[in-house]
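Features of the protein shown, as given by Swiss-Prot:
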COMPBIAS  22-32  compositional bias 'Polar residues'
CARBOHYD  Asn149  N-linked glycosylation site
CARBOHYD  Asn157  N-linked glycosylation site
DOMAIN    167-432  domain 'ABC transporter 1'
CARBOHYD  Asn356  N-linked glycosylation site
TRANSMEM  543-563  transmembrane segment
TRANSMEM  571-591  transmembrane segment
TRANSMEM  636-656  transmembrane segment
TRANSMEM  661-681  transmembrane segment
TRANSMEM  691-711  transmembrane segment
TRANSMEM  798-818  transmembrane segment
CARBOHYD  Asn819  N-linked glycosylation site
CARBOHYD  Asn895  N-linked glycosylation site
CARBOHYD  Asn912  N-linked glycosylation site
BINDING   Gly927, Val928, Ser929, Gly930, Ala931, Gly932, Lys933, Thr934  ATP binding site
TRANSMEM  1231-1251  transmembrane segment
CARBOHYD  Asn1253  N-linked glycosylation site
TRANSMEM  1257-1277  transmembrane segment
TRANSMEM  1305-1325  transmembrane segment
TRANSMEM  1345-1365  transmembrane segment
TRANSMEM  1372-1392  transmembrane segment
TRANSMEM  1498-1518  transmembrane segment
Amino acid sequence: MASQPPQPPSGQPDTQYEEYQSEVITETTNRPTPAADVYEITPTNDVMDDRYEHEHDDYESGAMYETVRTWSPQSRPELVRIASVFSRIDSHPDVAPTTEDGGQLNRRDTLAGVKIGDPVLDPTKPEFDFYKWARMFTHVMEKEGIKRNRTGVMFRNLTVLGSGSAVQYQDTFLSPFAAPFRPGELCGKGRNPEKVILHDFNGAIREGELLMVLGRPGSGCSTFLKAICGELHGLQKKKESIIHYNGVSQHTFKKELRGEAVYSAEDEHHFPHLTVGQTLEFAAAARTPSKRVLGLSRKDFSTHLARVMMSVFGLSHTYNTKVGDDYVRGVSGGERKRVSIAEIALSGAPICCWDNSTRGLDSATALEFTKALKIGSQVGGITQCLAIYQASQAIYDIFDKVIVLYEGRQIFFGPTRIAKQYFEEMGWYCPPRQTTADFLTSVTNPKERIAKEGYENRVPRTAVEFERYWKQSQNNKLLLADMDRFEAEYPPEEGHLEKLRETHGQAQAKHTASKSPYRISVPMQVKLCTVRAYQRLWGDKSSTIATNISQIMMALIIGSLFFDTPQTTDGFFAKGSVIFFAILLNGLMSITEINGLCKATDPIVPNAQRPIVVKHVNFAFYHAYSEALAGIVADIPIKFLLALVFNIIIYFLGGLERSAAKFFIFFLFTFITILTMSAIFRTLAAATKTIPQALALAGVMILALVIYTGFTLQPSYMHPWFKWILYINPIAYAYEALLVNEVHGNRYRCATPIPPYGSGTNFACAVAGAVPGEMSVSGDAWVESSYDYSYAHIWRNLGILLGFLAFFYFVYLVVSELNLSSASSAEFLVFRRGHLPKNFQGSKDEEAAAGGVMYPNDPARLPPTNTNGAAGETAPGGSTVAVIPPQKDIFTWRNVTYDITIKGEPRRLLDNISGWVRPGTLTALMGVSGAGKTTLLDALAQRTTMGVITGDMLVNGRPLDSSFQRKTGYVQQQDLHLETTTVREALRFSADLRQPKSVSRKEKYEYVEDVIKMLSMEDFSEAVVGNPGEGLNVEQRKLLTIGVELAAKPQLLLFLDEPTSGLDSQSSWSIVTFLRKLADNGQAVLSTIHQPSGILFEQFDRLLFLAKGGRTVYFGDIGKNSETLLNYFETHGAEPCGPSENPAEYMLNVVGAGPSGKSKIDWPAVWKESEESRHVQQELDRIQSETSKRNEGHGQSAEKEPGEFAMPFTSQLYCVTTRVFQQYWRTPSYIWGKLLLGLTSALFIGFSFFLQNSSMAGLQNSLFSIFMLTTIFSSLVQQIMPRFVTQRDLFEVRERPSRAYSWKVFLLANIIVEIPYQILLGIIAWASLFYPTFGAHLSSERQGILLLYCVQFFIFASTFAQMIIAGLPDAETAGGIATTMFGLMVTFNGVLQKPNALPGFWRFMWRVSPITYTVGGLAATSLHSREVKCAQNELAIFDPPSGATCAQYLQKLVEAGAPGKLYNPMSTSQCQYCPLSSGDQFLGGSEIHWSDRWRNFGIGWAYIVFNIFATVALYYLIRVRKSSGRPNRIISVITYHLSQFGTYCRAFITGRKEKCPRKREQIGKIY
């Protein structure tokens, strides 16, 4: 039956509308006059604001302040500017502060009974009170006449558009070939269509108000906040949309006052190596005003301000702790979130928008954060908007207004106190104990909302109907009237803009443009960022030192490689090589400046810090080019010192001329080259959006720079189509300058005169530039003849280099400023082609899909309120959960203790915890932040890899066996999945490998379909997991995580770690109720839960509550309406829990959770002595006794499935290899990137060395072309390792602990899958390089051998990459090691320094380098038996003695077996002798022989086999052995107790014998 268009209920009381109208009118007409200048706030227990009354008026509900508005609109004080007053008074107690007009502020002046010197005003004291501090701050600021900006915001007809569709298709390796058959997509038709994200929003937020933004994920909350702050980045507003700040348009406001409206994103971006104190002091310093109270210095002001915010947000103890990230150890996740909050607070912006900033915070901390926002709004007039997903009633009551979003449509905007009544009068039912915020969000969820009886056909259903109802409501009319008054009060661009400019100008430093949004000048910004750069370097000094040491080691190696180079013509090639090495290593060491993978772990890397710079630019901390310039300034001294040490070593050890003048020229050019290449790499990083883009371009650029330096390919041999690269190559100019600098003015003794017995003018030196009859060769003549270089070019080249340097630095600064933002797009699902569900629509009617509304008289549809609690027998999608196999096993743990050692100091994480989980029960694991909830879960699930665990863990009274982990499910907090797999494939993979082999594949897949129905995943079962924003959303990922564990059919129990983390209230409700259904069907469930609402909390049967230090506070039943739990706490001295209070929040408050929470009662000690604790021990004894008897009765016939894995090795290998093949096939960017790298590099090399002639230089160039092919090796390795890490992370974090498959299978599968693609790559490189370079004249045998070598080389590269990354933690570390090893292999392969010229202690490196055999085999096959035809400058030209022919004169030389060839034997003058006659003679100088081709090929395969075995061995030794095995655990226990020997002895001596280890309690049974 079609529903009627919803209308506002005409028969409903309109008292709320009258009250709202009177509030708006009162607020507008009763505004204070400019004469008053005091803003008073007095504590009260009645109401938070005289305009809005609340149902809950206790302290915890946030109703704690009454506002008397007597401030002046022109002089409302700033919230965070008074801190310096207290620091001055505390440090100089005898100095009375003076005001701007010279008057004194008496030290005994008080405000509401608070003295300035009170410890409650000192953020370093435990008595500090932010509320009182802020009030006194206001008072002093008013006295000194310092103003701050304040403004509200009004938005009318706000519509935001984005690009993207609700669904896209997954690309595969063949997608580019299929594109021509889809012309619509190829031409852009139907691709990235315009999508309306926000529809026609209206509202007004006055200064000092708090707005709560509610909506489900994807409803547009983040976009709304970004629109308010003007941070849309790629999204667009409609022309009709209006946003203004007290009359100032958003365009003008963002241009001149950008930092006055800031947006706090949900993700945290900080420099991990900075401490919390450094991070916040930087933020404070960047926004420190020019006019400060008492004239304090900027440093004192910013330091004190940072201390205040650290105290407010509970960060004082982390002042000297690194912020950290996923890779760098630092503060906890919750503390890092608070750092982000404090950073925003320090910006001093009058408009702040917070996007789910309470995520990851426990309820007590989230409440304190919201209270701090309220104080800021009331005292400082800050306008704040906060999007929040799980808000308690106490948090909700703090807000002034609320906006509710439904699929991008506004369905309510108004005071928080009338919102609930509005929706109830609409016809929706709010269950008891459901918070108002949850209720408001639930009405947007068809699966959760409940219609009142009699309203079933009157309530709106779709988002459009809700919006229509809102626009026709009286509340909307009052809102529009209030907006009209707002606009009348603040006419566009009249007056208020000048006031804002005036106040902003007062805060600006000298030499800052008046219309600049920044408070400090550019030089101050550069200085501040430079100091921060050095702080980051110091914080990561180990990495900096390691990098510098590696560079110095390379200098020592290269220098020693050319040690004692002869000062003869035989040393010409060596001199060119060492200078080539020096200039390349100096220039290319800066490539690390485009590394870091956007994690900000590299101290001065542009791309790594981009998200942080973008954030700070939006906060108006500094210009992006200021940070870029600071990076340059900070980097120059470090580069100078490193270059000095590096070049001293390589210059003097490498045999270059020991002349002070030449050394300083050498150093000058190398240092300028370092800076120039640094500027180029920085520009490349700044101009690209992602690290892979930058690295891909850098790889191509480096190849071009190396080839066209002038050494590997001499200028005269360059082809015109690429020769232009020589003229834009900075390294080429530096190489020419260094080479001519070295040989200028020198003469070198001829090492090979032709003939050696010649005299007078009857001989010549077989070197370019030689003069007949001279026994030495001029260095200037040699470089001019060989390279066309001239000493006259040296200073010209310096000028060109400086020009390059200035140009690229300028471009870098410009690009850094302009290329910051990234485009935003709408979220979408990704499906495999041909697998889109038939009923899937991009914008479907969720109401219809959910089967209509819910009714309050249907018990099966009501949220359960009892502890038995199933909400009927249907899962979220209505399917049964009866497929869960029944369970009978009881898991118990007793006196579990977990100790680890940190920096040599022991630390106890879990302290004698006991409990159990029965089948059919849902047990909650809760605790304060840092209590060890996840740690306990990991310990119970046998997933810890370090430390010592003691205690008893039993299943049915028996010790855990090797099958325990595969018989349990563990839902991790992080939703880790392979991004290329579909939902159904992920579930089938889990079922295939984790269900017993006795179950057929058909049965497994049928069970997977049951799981899909249980979790209501039918609509996206064929969707690809993808990445956030391009794939499954947060809720769908969490469902998949749970589904993967259910698909394994856990026989014992199901562990869950924070299954509701990051979800909105309705999604959390869906997850927890599903767990309730699982428990009701016999599943044993143990779940940690972070911030449960009262209704969610009542779904659990039992609770294990932990305090800090992993100590038990409570373990037992929760009881109906939480009576058992509450009775325990109240019996032992806690305040009674209010009837409307959330028991979960009550518990946290009782034990003193939150940054400033304290409890007078030691609850863990109370528990230890309680009757309930003794009952737990008795019950454990009883359970163990009963299960032991039952085990004895069954004897050895009890059901048991021994074995670590459910499936045999071959089945594991088949499944895993198939999945890895699938992953590669569905990652076309990786495969095509690999193939294009090989194709473009090989073609570029081939056409650079196109058809080289048979001269000696031509042969050398041909050898260099083969050498250049091997340089692809490094880029290939860098591509492979991140792919391996992705697979390994998933395996080690989820699949190995679950015992899905063996680590040996994981390694073999990854090795196997790479091989076909490496074979294809070898074929492409072979065809692209060797045909252009050597032509098609080679025999088929030789071409076949070349192909085999190419394929072998690329297979070696893949196995080498896997060997290096196998045991290392991340791709960055492995990349550094691989690059170093590759450098050694390339250096010692006999091309750049002939083997016979190597110092004796380095010859072994030539023999062990794998590249030696690859180059040897390729070169021998390519150049064997090739006739040498010397170029004119390569010939030894001389006259024979009078009367003799050339042949007669050289007869002795020929008879002695000289390798050369005489071109004019019958001539009597100008004999032309070529030193070589065949390619084999040329190769022989590098000890490359045609006869060794198959030996070299065999050695190559030996290296591949070695790589594979080494991969397995390294992975086992580093990543398997250390984390598994009983002997290692025993060793850990012994080591731990030995480390505690001194402690035990001291305790014994002092009589504290209880500290000594007791056999049972402290050692226990080792697992």
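Placement of Cβ uses the backbone N, Cα and C atoms for every residue, glycine included.
Given the structure is predicted, the values throughout are model-derived calculations rather than measurements.
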Cβ atoms near Lys933 (ATP binding site) (within 10 Å, other residues, all chains): 24
Close approaches to the transmembrane segment (691-711) from elsewhere in its chain (Cβ under 8 angstroms; 6 or more beyond its ends): 576-577, 579-580, 583-584, 587-588, 591, 594-598, 607, 680-681, 684-685, 718, 722-723, 725-726, 729, 731-732, 735-736, 787, 789, 1233, 1237, 1240-1241, 1244-1245, 1248, 1268, 1271, 1275, 1278
Structural state of Gly927 (ATP binding site), classified by DSSP into three states: strand
Among 661-681, 798-818, 1257-1277, 1345-1365, 1498-1518, stretch most in contact with the transmembrane segment (571-591) (C-beta, under 8 angstroms): 661-681
Minimum Cα separation from Gly932 (ATP binding site), reported as the residue among glycosylation sites Asn149, Asn157, Asn819, Asn912, Asn1253 that achieves it: Asn912
Remote residues contacting the transmembrane segment (1305-1325) - C-beta distance under 8 A, at least 6 residues beyond either end: 1209, 1212-1213, 1216-1217, 1219-1221, 1224, 1231, 1234-1235, 1238-1239, 1241-1242, 1269, 1272, 1276, 1280, 1284, 1287-1288, 1291, 1296, 1347, 1350-1355, 1357-1359, 1362, 1366, 1508, 1511-1512, 1515
Cβ-based neighbourhood (8 Å from the centroid) of the ATP site, residues Gly927, Val928, Ser929, Gly930, Ala931, Gly932, Lys933, Thr934 excluded: Thr935, Leu1106, Lys1108, Gly1110
Residue pair Asn157 (N-linked glycosylation site), Gly930 (ATP binding site) - Cα distance, angstrom, rounded: 46
Pairwise Cα distance for Asn1253 (N-linked glycosylation site)/Thr934 (ATP binding site) [Å, integer]: 69
Proximal residue to Ser929 (ATP binding site) among glycosylation sites Asn149, Asn819, Asn912 (C-alpha distance): Asn912
Helix, strand or coil at Lys933 (ATP binding site) [DSSP, three-state]: helix
Most crowded position, judged by CB atoms within 10 A, among Asn895, Thr934 as recorded positions: Asn895
Gly927 (ATP binding site) and Asn819 (N-linked glycosylation site), distance between Cα atoms, whole Å: 45
Whole-number Å value for how far Ala931 (ATP binding site) lies from Asn356 (N-linked glycosylation site) (Cα to Cα): 23
Length of the line joining the Cα atoms of Gly927 (ATP binding site) and Asn912 (N-linked glycosylation site), in Å: 15
Inter-residue Cα distance where the pair is Asn149 (N-linked glycosylation site) and Lys933 (ATP binding site), in Å: 44
By Cα-Cα distance, the member of recorded positions Asn149, Asn895, Val928, Gly930 nearest Asn912 (N-linked glycosylation site): Asn895
Ala931 (ATP binding site) and Asn895 (N-linked glycosylation site), Cα-Cα, nearest whole angstrom: 16
Lowest local Cβ density (other Cβ within 10 Å) among binding-site residues: Gly927, Gly930, Gly932: Gly930
Touch test for the transmembrane segment (543-563) and the transmembrane segment (1257-1277), at least 3 Cβ pairs under 8 Å: no
